[in-house]
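Have a look at the structure below, then the notes.
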Amino acid sequence: MNSPNESDGMSGREPSLGILPRTPLHSIPVAVEVKPVLPGAMPSSMGGGGGGSPSPVELRGALAGPMDPALREQQLQQELLVLKQQQQLQKQLLFAEFQKQHDHLTRQHEVQLQKHLKQQQEMLAAKRQQELEQQRQREQQRQEELEKQRLEQQLLILRNKEKSKESAIASTEVKLRLQEFLLSKSKEPTPGGLNHSLPQHPKCWGAHHASLDQSSPPQSGPPGTPPSYKLPLLGPYDSRDDFPLRKTASEPNLKVRSRLKQKVAERRSSPLLRRKDGTVISTFKKRAVEITGTGPGVSSVCNSAPGSGPSSPNSSHSTIAENGFTGSVPNIPTEMIPQHRALPLDSSPNQFSLYTSPSLPNISLGLQATVTVTNSHLTASPKLSTQQEAERQALQSLRQGGTLTGKFMSTSSIPGCLLGVALEGDTSPHGHASLLQHVCSWTGRQQSTLIAVPLHGQSPLVTGERVATSMRTVGKLPRHRPLSRTQSSPLPQSPQALQQLVMQQQHQQFLEKQKQQQMQLGKILTKTGELSRQPTTHPEETEEELTEQQEALLGEGALTIPREGSTESESTQEDLEEEEEEEEEEEEDCIQVKDEDGESGPDEGPDLEESSAGYKKLFADAQQLQPLQVYQAPLSLATVPHQALGRTQSSPAAPGSMKSPTDQPTVVKHLFTTGVVYDTFMLKHQCMCGNTHVHPEHAGRIQSIWSRLQETGLLGKCERIRGRKATLDEIQTVHSEYHTLLYGTSPLNRQKLDSKKLLGPISQKMYAMLPCGGIGVDSDTVWNEMHSSSAVRMAVGCLVELAFKVAAGELKNGFAIIRPPGHHAEESTAMGFCFFNSVAITAKLLQQKLSVGKVLIVDWDIHHGNGTQQAFYNDPSVLYISLHRYDNGNFFPGSGAPEEVGGGPGVGYNVNVAWTGGVDPPIGDVEYLTAFRTVVMPIAQEFSPDVVLVSAGFDAVEGHLSPLGGYSVTARCFGHLTRQLMTLAGGRVVLALEGGHDLTAICDASEACVSALLSVELQPLDEAVLQQKPSVNAVATLEKVIEIQSKHWSCVQRFAAGLGCSLREAQTGEKEEAETVSAMALLSVGAEQAQAVATQEHSPRPAEEPMEQEPAL
């Protein structure tokens, strides 16, 4: 019925109407304009012969023509229906877009509301915190005001008190002591003798006793003031002169003593009191009495039994030593008394009464041998200027890492005999032993750290002379010059002077103790074999640290006798000899200082200079043997023979007692097996809170591993290597000088370093207060100011020693049981339990000192070794491969993306197998073995390293929770990974313990790795593991790694297709591939043989042709 024109018109409308359904949903505007457009698609059944629906124009044109009304009505209804459907569709689209925009705006509004609420909460919290702080400050101010008012009221009450009231109320114990003492003294008859009347007469009890323990009266006055100085008259007298005793007997009159003390302080014109007969000795010049004789005349100057006379700093040369002999103080100028009042040697010593001047530091000397050291007190000078100067010096000492001395050393006491440093030649050895006994008892009571004073420094007490031979070993008593040589010495107000004196005595005590320890070790060490290589000495190592190492060594040696030829016994003797060298070097330094001044005694210098010169020459020759060639047994300092412990019987050693370097060269011998290094010194790095449960990285980690190796018998198959502390120069191969001094020094050795270099690190050292009460670099990296620096240096040194022996061919491989870990430590940053990067430092030193060409570092700790990657990111000679949990940067430390492949010339030498996908499912044995099969081993074999270092962190072993692990690798798997790495670098593999905090897990993994290193047969993997396929997340990770690394290592490309295979399928495929290659090789060899036979048949061989010239089969 429709005309062709109508059909054409409909077809022409179809493209314009067909645009609407293809419009994207998001491109429809919010306000849609609905136009009355008729649909362009009509049912095919509505048309006539044309098969199309007429357009509105055609319909309007068709109205003029004749048409069936029913059909026309039906057509209009269809068009209206289609139009309604189109409009309904447009409404739905409009509503959908509206709903989408509404949801979007709703979410934005919710986010804005949450952000606003969060800001309001933060503001409220800050306001609350500020209010609490203000309230606390107001409370503190109120408390201070109340305290101030209370003190003012007390002061007002004291000022307005009546004279009849008591100044102080003595305790019941003091009252009883005084009463018993007075009763006992009142019953005793007063002797009239001159020689020994002082200790028995009640008038002189104050000068004979010096504490409440000896029934002395209570000390009045505020703390810190000098003790009262009694005025004993040293001759017979009557009861009219007994005024002080009667006054001090009654309690209300105790304040009289303070008045007497004030009078004594004001009357400073003369150190000698007037005698009753009017005889006066030079009241205008303060001069000391010179003692020109010895023997009884000297000991009788103080008019008392030996050890009981009074003394003062101005006349301390007359101090009676503990055994009655005269001690000398080289810091007090000594002059003759005026000529009109010279003191004859045979005169009665009770003519003079001496007292101490309160203007100087007062030390009570001349104690009896039975009196404890607490009876001698060091008091501060009441002068304000002297006190300020001492405070300034103490603060400066603290800034430099020293300790407080003098009046700042808490409330402890210093023996009075410490000032008597220079003993005369005829002094009894018993006096010297008792002097050491006093020093030992004094140092044992110190709550603070040991006094750290440079032993090589010049003593401030001896400015006119250099350090005497008191620095010798204890074999000889020190000799000093007479008192006439010390006229230019300063007064002893300086705390550094007392420090130097104490340190000299401590040094002598240390040497004596060391000789005894060496003699005890002699019986064990004489049965050992050759000496091992001697580690490098460290000038900054202190005697305290060496003593601790020796004590630990004695504890081990007493339990087990080392087998013959073991490195444990060799290194023991080696350490003792190293300490001897350090002591003699210190003595040598002191002697050279004296020679520069030209005042050394003629009988002291030559023998010491001769012995030290010979000893120095011996080690100068030995140091020429230090350069080592790679993979050859090194010539160490141990090749220089020593007369082992025999030298310690006499000190200093004479040149004749030492053998020449060429007499009996000793060859270093090691069992060619696995080396293990461990040192108990690393156990001292721990938090000051002492609670290991809140600190995952604690000393029990390496203790447990060491015990496991002993229990299983693996340790007996290994060669134990003696560790050492790494030097600061070695640490600076990777870390900055600032970082090295910051964490590589402690108050024990900081004094021997340059103070200018230490000024920055020490002043800017910042610590964080941990919730446990200790301190740390951050919230988890704890720090111990006394021991952490030595422990972290010991960890580095142990690994360096072990790696050097493996690289030089002395050992087959090695396992370092060290802590704290190091692979997180960057050039100037400590983090993640790490301070110094042990593995990176070892790799650098192997290249610098042993000329190792290429080093492979494999890090299978679950955390990425950001410090190691940073150290070698641009170095093509070190290949770093890390397998770690990455999770797209959401796992600590957040670095180690697969795209990090190196920089500059080191592009391609940094490989990160960064596991992603979390712990659902956790990465296990299959994934690690697949990574080794497809990525690690192919790249490592193509790199062909000379030495392999492994950062063996075991926190991927099952048993570690998600924050510190979360994976389920078995300990057995790490043994198989170690066995694969042993096929590289000729087996020169060294494992260093890194992370791992579950004790059972790390012990099992360490046992498996050491078993693999010892070539012990490992337990086979479970069949389920061999049949299991890697997880989807692991396959995706390995595919990405291969895609990135195939640009630099073509060997990994062929493994991309088999990543989803199980280990059993991969082994089968590799076996078939190997058989195919072998068959092809056999076919080619057979063809060559046939060709060679045919050639031989056609050209006979001459008879004289040698066999070597036959064609190779």
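Glycine is no exception: its Cβ is also placed from the backbone N, Cα and C atoms.
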Listed as phosphoserine by Swiss-Prot, one of SER164, SER215, SER318, SER488: SER488
Listed residues SER250, SER304, SER410, with the one flagged phosphoserine by Swiss-Prot: SER250
According to Swiss-Prot, which candidate in CYS772, CYS798 joins CYS687, CYS689, HIS695 at the Zn(2+) site: CYS772
Swiss-Prot annotation (region 'Disordered') - matching range among 1-22, 133-154: 1-22
Cβ atoms near HIS824 (active site) (within 10 Å, other residues, all chains): 27
Other C-beta atoms that fall within 10 angstroms of the C-beta of CYS772 (Zn(2+) binding site): 16
Cβ-centroid neighbours of Zn(2+) site CYS687, CYS689, HIS695, CYS772, 8 Å, sequence order: GLN686, MET688, GLY690, ASN691, THR692, VAL694, LEU770, GLY773, GLY774, VAL782
Listed binding-site residues (CYS687, CYS689), ranked by Cβ neighbours within 10 Å, top entry: CYS687
Conformational class of HIS695 (Zn(2+) binding site) under the three-state DSSP mapping: coil
HIS824 (active site) and CYS687 (Zn(2+) binding site), Cα-Cα, nearest whole angstrom: 19
Proximal residue to HIS824 (active site) among binding-site residues CYS689, HIS695, CYS772 (C-alpha distance): HIS695
Arithmetic mean of per-residue pLDDT over the region 'Histone deacetylase' (675-1019): 93
Cβ neighbour count (within 10 Å, all chains shown) around HIS695 (Zn(2+) binding site): 21
